[in-house]
Amino acid sequence: QELQYSTHLPPSVLVNSAGVEKVFDLVSKATGGEVTAKYFWAGQLYDSAGNFDAIRGGVIDTAFTQPASNQAEMPVNMMFSDLYHFGGDPYVTAAAVNATILLDCQSCRDEYAQANALFLGAHAATPAMTVCAREIRSIDDLRGLRIIGQQAVADWIGHLGSTQLDVPPPGQLEALERGTADCTNISPEWLTAFSIGEAAETIITAPIGSQFATSFMTMNSDTWAGLSDEAKTAFLQAMPQAIAAIVDGYVAADEEALAAAEEQGLTFTDLGGAYRQELDGFLSDYASRAAAKGEARGVADAAAIVAAFQDNIAKWQGIVD
Amino acid sequence: MSDFAIGVAGLGVMVLMIALRFHIGLAMGAVATIGIWLIAGPRATSSVLQNIPYSFAANWEFSAVPLFILMGSIAHTSGMTTSLFRAARLWLAWLPGGLAIATNLGCAGFSAAAGSSLVTSISMGRIAVPEMLRYNYDKGLATGVVAAAGTLGVMIPPSIPMIIYAYFAEVSVGDMFMAGILPGLLTAFLFSLMILIRCTLRPELAPKIIEESDPAEKWRALLEVWPLPVIIFVVVGTIYAGIASATQSAAFGAVAALVIAAFQRRLSWPVLRDALLDTIRNSASLFFIIIGAVLLTRFMAYSDLPETVADMVIAIGVSELTLVLVTAAVFLVLGCFLDPIGLMLLVLPVFLPIYIAADINLVWFGILFIKYTEIGLITPPVGMNVYVMRTILPDIPLQVIFRGTAWFFVTELVVLALLIAFPQISLFLPSLR
Amino acid sequence: MRRLARCAAEAYARAITAGACLALVLATLHIFADAVATKLFLSPINGTHQIVTFYYMVALFFLPLGYAESQGAHISADLGFSLLSRRLQRIATTANHLLLTGYVGLLCWYATVKAIQQTEVGAYETIAGGQIPLWPSRWIAVMGLLAMLAIAALKALDSILGAESDTETPA
Ligand code: NA
Ligand code: NA
């Protein structure tokens, strides 16, 4: 049985090379070659919104999807974008988001089911840092700048008194070099992956949160129902291994990128703890604000989801420590 | 019938339909739709048709295209371009093919601002071709030079395809940009040389402009050319000053053209209406073709044709040189049918791992790859830059434009050979960083 | 009757083309104003990205499709056509128009299916300080494709019934 996998990301990114291919390799091995994969990388077929549609229509068996691309249809799962700043240690965050969706949040799973889809697992990116193309010595140096960040950090950038710009990763180097933007919020890996290090001068080392509101293995429900029990078990066993491998890869890539940045002579600073302090102040009522945002979108059990996620973070923090 | 056979048959039918004067966007789109239906079934067809055309219109990066067309249209309908070419005529009259060479260099200059071939060709084509035709330049030469030199837009930085390549290949965008400069200049130089030689041998291609003119008139003409350089300066300047992104700079160019036209009292209601309608018509016919090209890419992805061809050819390649030559052959052949994004999505992922395994410099390969996509833009039957020329110059038959690009194609092959023989042309500047 | 239908179709195509021209002007001014506001006053106009992408661009690419078709602005080549006999040329032209009608009809059909689905779920995107509805923009695409479908269908009808369409310009 050949399963088609579609993603808008190119084959070289870790989610694909360390995650997706690993899942299918493991499943293929475990089923003695009964299940194989055909990959459509880099949007060869669909962009990220299109992949979700293709899963729903049964056109594709498995795909990378993200709630942000189909916001009206995934208000519950959008909650995990609103919880961005709770993202920390990627092992803990990844475990917590999967535990929340798979064990604690029936409405999250219902949303996938309504789209004829099944959530099999999410990874978590490593925490983002604020990287600037100029010298930053104090929190005041950050005010009034133009800072690149996704919608999830818009409030934080606004809180700093700065302007949020939405620039896709491939355009960020140019924006920083030309001065269209002053700073960006990125996983350190992007310093090399998107050459952003070439324009950077200061790296503020205080982590601000991470992206984990994605699903790199969304499966069509009928496809799942048609799998043998052996294959189903193989998928469920492969997922945690693949998620760990992705996170391992990101952690290593981050270390490498940060070492290169240090060699390059970039300034590393936490602004004497001031950045973290400012962020903590901003986050004092973050959980209740996130729940309110969810409720405004019509998510009935928003507060319960936030609480479950926080519990899972605490629980897995303990396990990892 | 295997998926591969359906892919091959589909391309054959498409060529036949184009030859029989079917709309080109229709030939690509209808063949792709039927092909996807045959291979992947009606549900896949439905999903593709529901998503693809819309998502290519609703695209921020693509928004620069109509705005640059508008900028060129205003400059053209308000008569600014006429002044520029009056000066070019007076100053370059002595040079065989002078206007074509000026256009070629203009494209190279514009490439320093624009990151896409389409945009470069559209902007310069709108400006330069009508003037060359006015001086009885050969239609093929006049359109061919813009179609071919417009491709410099992606070789001379900034360059959108280079950024995407760098992401795919995990090389530095800065290295790619540096690496493109010399090959871009080399191409512009050899294009000029080729035009000069051809127009010397065949003066009827570019009739010498014999005009009595005193030096005072020449200088006066030069004083009148300021609008266009100013508009291009606004586009380039706002990018480099960090005021606008490459996409936003198109709006600045269009506004600058409007303001200057108004300032010169050249902006009347008919001028504005014509410029708008012109832009809208060009954008729509370009968009219809692009829908077809994008659907064709999906059809090719389903048919596995590019990957199968690449695999067959890789099986032959052994030494580094064979590998490079064989790659060139594959990209040139597939480039006849696919646009650059299609090549990038369908064929690049197959070749990159092989180049990595063979330990070949990926920046150098990137420059070669950009060259392949450039060449693909001017080769029939699917030659996007040629189609662009046709949208803005509806009176010139497509085959005339394709014929006009033939000599540029030959020159491109020479450049390609030089780039393969001397990797330093690409790698020298990045090595200085 | 055919003439009446044709007049109606062309009037509709022209009317929505005016909408496309308006979108083009607005896109230029909006992007310009946003960039200036961002640079000078550090206050970008919220939602510029989305409004340009989902409204202006969709309008200016889809709405003039019918007008371009009635003007014969869609590109074709002439590589073997002129070698055919007059009869075969007629057949090829008729086939062209019929296939165009079918193809654009299919595009229009699926755009409508998608527009209905997006309207039902109320598709939107979150921006700073609010949400932008995306579903109405799907109907703009439908409007444009509908115009092209009408023009193409009438041309197909003309060529089947033998009347050479008068706006057809040879390549
Ligand atoms: Na360029
Ligand atoms: Na081509």
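Glycine too: its Cβ is placed from the backbone N, Cα and C atoms.
So that you can see what the record holds, here are the features copied from TrEMBL:
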- B:6-39: transmembrane segment (TRANSMEM)
- B:11-425: domain 'TRAP C4-dicarboxylate transport system permease DctM subunit' (DOMAIN)
- B:91-119: transmembrane segment (TRANSMEM)
- B:140-168: transmembrane segment (TRANSMEM)
- B:180-201: transmembrane segment (TRANSMEM)
- B:221-240: transmembrane segment (TRANSMEM)
- B:246-263: transmembrane segment (TRANSMEM)
- B:284-301: transmembrane segment (TRANSMEM)
- B:313-334: transmembrane segment (TRANSMEM)
- B:341-358: transmembrane segment (TRANSMEM)
- B:364-388: transmembrane segment (TRANSMEM)
- B:400-422: transmembrane segment (TRANSMEM)
Can we call the transmembrane segment (B:400-422) and the transmembrane segment (B:140-168) in contact, meaning three or more C-beta pairs below 8 angstroms at a sequence separation of 6+?
yes
Counting only residues at least 6 beyond its ends, the same-chain positions whose CB falls under 8 A of a CB in the transmembrane segment (B:364-388) are 14-15, 18, 24, 28, 117-118, 121-122, 125, 143, 147-148, 150-152, 154-155, 159, 161-162, 165-166, 169, 171, 176, 179-180, 183, 286, 289, 293, 296, 324, 327-328, 331-332, 334-340, 343-344, 348, 355, 398, 401-402, 405, 408-409, 412-413, 415-416, 419-420, 423, 426-427
So what's near the transmembrane segment (B:91-119) in sequence-distant terms, Cβ-Cβ under 8 Å and 6+ beyond its ends?
64-65, 68, 85, 127-129, 131-132, 135, 137, 141-142, 145-146, 149-161, 163, 184-185, 188, 191-192, 195-196, 198-200, 203, 205-206, 208-211, 218, 221-222, 232, 235-236, 239, 246, 249-250, 286, 340, 374, 377, 384-385, 388
Same-chain residues at least 6 beyond the ends of the transmembrane segment (B:180-201) whose Cβ lies under 8 Å from its Cβ atoms
95-97, 100-101, 104-105, 107-108, 111, 141, 145, 148-149, 152, 155-157, 159, 162, 367, 370-371, 407-408, 410-412, 414-415, 418-419, 425-426, 428-429
In the same chain, which residue numbers or ranges, 6 or more beyond the ends of the transmembrane segment (B:140-168), come under 8 angstroms Cβ to Cβ?
61, 97, 100, 103-104, 107-108, 110-122, 124-125, 128-129, 132-133, 175-178, 180-181, 183-185, 187-188, 191, 195, 198-199, 205-206, 239, 246, 340-341, 344, 348-349, 352, 366-367, 369-371, 373-375, 377-378, 383, 385-386, 388-389, 393, 396, 400-401, 403-409, 411-412
Does the chain bring the transmembrane segment (B:6-39) near the transmembrane segment (B:284-301), so that three or more CB pairs sit under 8 Å (pairs 6 or more apart in sequence)?
yes
Averaging pLDDT over all residues of the domain 'TRAP C4-dicarboxylate transport system permease DctM subunit' (B:11-425) gives 86
